[in-house]
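Undergrad: The transmembrane segment annotation in TrEMBL covers 27-51, 63-85, 105-125, 137-160, 199-217, 229-251, 263-283. The feature domain 'G-protein coupled receptors family 1 profile' is assigned by TrEMBL to 43-281.
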Amino acid sequence: MALGRMNHTVVTQFIMLGLTKNPELQGVLFCVLLLIYMVAFLGNMLIVVAIICNATLHTPMYILLLGLATVDIVCTTSIIPEVLWTMLSAESTISYSGCMSQLFFFTWSLGAEMVLFTTMAYDHYVAICFPLHYSTIMNPCTCVALLSLVMAIAVTNSWVHTGLILRLTFCGPNTIDHFFCEIPPLLALSCSPVRINEVMVYIADITLAGFIIRAILRIRSAEGKKKAFSTCSSHLIVMSLYYSPVMYTYIRPASSYTFEKDKVVAALYTLVTPTLNPIVYSFRNKEMQAGVRKVLLKH
């Protein structure tokens, strides 16, 4: 649907093609996505409740895990329910305002998760390499400052990119060959020049890459301690699984976007990683397991 304005056609809604155009796969994909969403949402929500309700988990490490679980809930909830709804409805459409809202919350969660990985790696590094000074270094003020920095960077990143998208003109076609509103496919549909958008995406990627590189270096340093090797390796695997496809998607110009392949890549950091995070970072931890049991036994 579109409105005429100054001899241009302005798009008021987008048609989402989703993960596949094959109607025979829609039912299977719906069940798979619903299962992924339930696992990711319930797993991360269980972490949130367990940390809030257990005073023994009110430490910097678990507060950062609380932040990560919250970010993953926002990420999956901003995308998957809308995807499931469009798969059920006759018209797979999303309004312009709905698309921009989805873009804002997803971009916020994307930036927040990358910076959170760095803060968690720093906390892990201090706990392993400076155990006697951990409580002094990672005091409540430091923890609050780190979380505030994460939120500030994430909100700024999201506002900048969403604001730049809002400046663009979409005059048709209005078909997004993707399963949610993301920067690259939207740039591919724009009738306006997108050079500024691409430059800002590159700048954001390079900046966030700095955080990830620091996190990897911290984790590699901590690997020197034998007791931390398996945990650190898990951190590196999850970070690589998250950041590599993000870099692949966002570091390229909009003209080189390949829809079918990039939808699969996008699924890694929007669906797979939020589902794995509770397992890698929380449920293997004995203190977290005890906290979860307390929550379940109360109910």
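Just so you know, glycine gets a Cβ as well, placed from its N, Cα and C.
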Undergrad: Count the Cβ pairs between the transmembrane segment (105-125) and the transmembrane segment (27-51) that lie under 8 angstroms and are 6 or more residues apart in sequence, then report whether there are at least 3.
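TA: Judged by the Cβ rule, the two regions do not touch, with the required three close pairs absent.
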Undergrad: Within the same chain, where does the transmembrane segment (63-85) have neighbours whose Cβ lies under 8 angstroms from its own Cβ atoms, ignoring anything closer than 6 residues to its ends? I mean 6 or more beyond.
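TA: For the transmembrane segment (63-85), the sequence-distant neighbours (Cβ-Cβ under 8 Å, at least 6 residues beyond its ends) are 16, 18-19, 30, 33-34, 36-37, 40-41, 44-45, 47-48, 51-52, 94, 98, 101-102, 105-106, 108-110, 112-113, 116, 119-120, 123, 143, 146-147, 150, 179-180, 270-271, 273-274, 277-278, 281-282, 288.
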Undergrad: Over the domain 'G-protein coupled receptors family 1 profile' (43-281), what does the predicted model average in pLDDT?
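TA: PLDDT averaged over the stretch: 84.
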